[in-house]
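Since the structure comes first, as C-alpha cells, the remarks are kept for the end.
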Amino acid sequence: MLVRLTKLSCPAYQWFHALKIKKCLPLCAPRCSSTSAVPQITTHYTIHPREKDKRWEGVNMERFAEEADVVIVGAGPAGLSAAIRLKQLAAEQEKDIRVCLVEKAAQIGAHTLSGACLDPAAFKELFPDWKEKGAPLNTPVTEDRFAILTEKHRIPVPILPGLPMNNHGNYIVRLGHLVSWMGEQAEALGVEVYPGYAAAEVLYHEDGSVKGIATNDVGIQKDGAPKTTFERGLELHAKVTIFAEGCHGHLAKQFYKKFDLRASCDAQTYGIGLKELWVIDEKKWKPGRVDHTVGWPLDRHTYGGSFLYHLNEGEPLVAVGFVVGLDYQNPYLSPFREFQRWKHHPSIRPTLEGGKRIAYGARALNEGGLQSIPKLTFPGGLLIGCSPGFMNVPKIKGTHTAMKSGSLAAEAIFKQLTSENLQSKTAGLHVTEYEDNLKQSWVWKELHAVRNIRPSCHGILGVYGGMIYTGIFYWILRGMEPWTLKHKGSDSEQLKPAKDCTPIEYPKPDGQISFDLLSSVALSGTNHEHDQPAHLTLKDDSIPVNRNLSIYDGPEQRFCPAGVYEFVPLEQGDGFRLQINAQNCVHCKTCDIKDPSQNINWVVPEGGGGPAYNGM
C-alpha cells in the first residue's frame, strides 16, 4: 500500500509537531533499575525485538511506503548539495526526477555545527549567482593568524602562501544558517525536504541491494511498550539512496560490514569539536579575523587545537572552539574541561572578558583523511560528505569537499537515471561512476596532497613532529612524497589503563570565562521526548562497571561533552552503576566512537529531538 507522504496529512508528521510543543522535561533521569547488583538499562527494540514482547501483540505494524527516484539521508552541506544539483540538472534537461530528503533535526540546520571558515569553491560552483540570491556569506577573512601556545605565552607562526591552513579568500560563516538557506533553495527547486524525520533503518531488496530507508517509529514508552499514540515509521524507496549523515553515521555502520566497504582503507580516526558563541565588547571585535592555535593545554602526544573567529553578523560576535583528537590515551582527559581551561590562556581570555556566552554545542569530526576513506558506492546507495570523511585536516575544513562530493554524486546519478540504455545487475542502481569522478576531482587531489600530515603526528614528537613534517616535506614536495603514512588503529583502542596514567586536575569554572557542563548543555537547546526508549544503548549492561570503570576509571563520564554518562552509587549495597541521561545528548557520536569496549551503540531517537542550534 503506497500513501502519498505530505507534510499536512502524514500521521507521523502530525505526531512530530505535537512533540515539539511539549514542555521540556528534567534533563537528568535515571535509566537503570536498582533491583539488581548489575542493573539493566532499558534498551532499544533493536536489542530486545518486539516480536518477542507480548505487549506488542495485536499492534498494527504496517508501514506506509513512498517511491522516489532518489532518497537523501541528512540535510547538511553534502546532502543539500546533492539534492540541489539533481534538481538543477533535471530543470536544465527538462526531466522529472523526484528527490526526497529526510533530516532528523526539527529544522534544517538545527543539528549543524562547524567552526566554520568556509572555502567557497564548491559553493560557488553550485551557486554562481550566490550574491544575487542573498547567501549568508557575510564575513570574508581579513586577517589570518596561527600560534603555538605554552601555558603563559603565545608564539606566532607565520602562515606562508601555499600552506594548507592559509585562509585567503575564505569566509567565516555560521554553517547552520548557510545550511538553512540551502534548504530554502532546495525546496524552491522542487526537492521534498522533510525535517523531523529520523532515518532509522536501511531497507534491502531480495538481491541484497539497498532499497531505501525507514524512519523510526514514534509513540513508544521508555520501557519499550507502545503508547496509544503509536505510529509506525515510513518507508522511502528509491532507485538510489544517498547517505549524507555526517561524521560516524548510524546507518552507515549498518552496511559497512555488509558491503565490506573498509576492506582497503585504514580505520577512521576522529576528533571531538566543542564550540561556543560569544557576544563580546565591541572594542575588541575584529570582523574577519581568524585565529588558530595548537599546544597548551594539550600535551604533545594529544592531537588538537583551537579556533577563534570574529563574525560580521550585525553584532560583535565571536565563535570560539576547541578540537581534541579522539585517539588520545589518558582516560582522565576531558575534552570539555580542556576547552574551558584553554579560554583562560593570557592570549584568549582578554577577548572574552566582559562578554556573554550565548550558545554551546559539540560534534565529532573525521580526521583520517585519504587513508581512511572507504569504498563509496554499493548496489543501491552511496556515501557523501562527512559520512565517509572528506575533511582536509591541516586545512581545518571539510564543508567544501563535502559539498563537492554531493554535487559529483548528483551528476553521476542523474546521468545513470536518465540514460536511454539504463541497465543494472541489481534492483538498486550501483552508481560506480561517482567514485571514479571523485578521484579525478580537485577533492581527491587536495586530500592526497595532505594525506601524511595528520598521521605524522603519531611519532615521538607528537603534534610538533607533524608541524616539522609539514614545514619540510609538505612545503618542498607538496604531497608528492612517494610514501603514505598509516594511522595507528581505531580510536577506541588507544586508551591506556587508568593505573598507567596521571589523573588530570582541572580548575573549577569561574562562571564568567569557564563554565560547568550542565549550564553549557542548556545553551544547546537540547531536548528529547522523555518517555521513549533510550537511544544510547548498551550491548552488555555489565561492561560499563566491570570493565570500563575498573580498568579505565569510567572514561565515558569524561569524553561525553554533554554529561550523558554518570557513575553513581547503587541505591542498595556497595558499588556503582552507570546512569545514562539521554535527555542531554547533543548527537555528537563521541561515545559510539571512543568507548574502549565498543559497548555503546547510538541509535536515532524520535525525529525532532536533540540540539536546537541557531547558526552553529
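Every residue gets a Cβ built from N, Cα and C, even glycine.
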Checklist line | From the candidates SER372, SER456, SER550, the one which Swiss-Prot records as phosphoserine | finding: SER550
Notebook entry, point to check: In Swiss-Prot, which of the ranges 86-107, 108-129, 174-195, 240-261 has the intramembrane segment annotation?
Noted result: 108-129
Next item on the list: Would you please say which range out of 347-366, 407-426, 427-446, 507-526 has the annotation intramembrane segment in Swiss-Prot?
Entry: 427-446
Next item on the list: Average the pLDDT scores across the domain '4Fe-4S ferredoxin-type' (576-605) and report the rounded value.
Entry: 96
Margin query: Give me the long-range Cβ neighbours of CYS585 ([4Fe-4S] cluster binding site): same chain, 6+ apart, Cβ under 8 Å, in sequence order.
Written below: THR526, HIS528, HIS535, LEU536, ALA562, VAL564, PRO605, GLY610
Next item on the list: May I ask for the distance between ALA78 (FAD binding site) and CYS588 ([4Fe-4S] cluster binding site), taken between their Cα atoms and rounded to an integer number of Å?
Entry: 18
Next item on the list: List the other residues in this chain whose Cβ sits within 8 Å of the Cβ centroid of the [4Fe-4S] cluster site residues CYS560, CYS585, CYS588, CYS591, in sequence order.
Entry: ALA362, LEU536, PRO561, ALA562, VAL564, TYR565, VAL586, HIS587, LYS589, THR590, TRP602
Note to self: Could you check which of the recorded positions GLY304, LYS356, LYS415, CYS588 is the closest Cα neighbour of VAL70 (FAD binding site)?
What the structure shows: LYS415
Next item on the list: Go ahead and report the DSSP secondary structure tallies for the domain '4Fe-4S ferredoxin-type' (576-605): helix first, then strand, then coil.
Entry: 8 helix, 8 strand, 14 coil
Checklist line | For the intramembrane segment (427-446), distant same-chain residues with Cβ under 8 A (at least six beyond the ends) | finding: 121, 205-207, 209-211, 239-241, 370, 375-382, 390, 392, 395, 401, 404-405, 408-409, 411-413, 415-417
Check: What is the number of other Cβ atoms found within 10 Å of the Cβ of ALA82 (FAD binding site)?
Finding: 32
Item checked: Between SER550 (phosphoserine) and GLY76 (FAD binding site), the C-alpha gap once rounded to whole angstrom -> 39
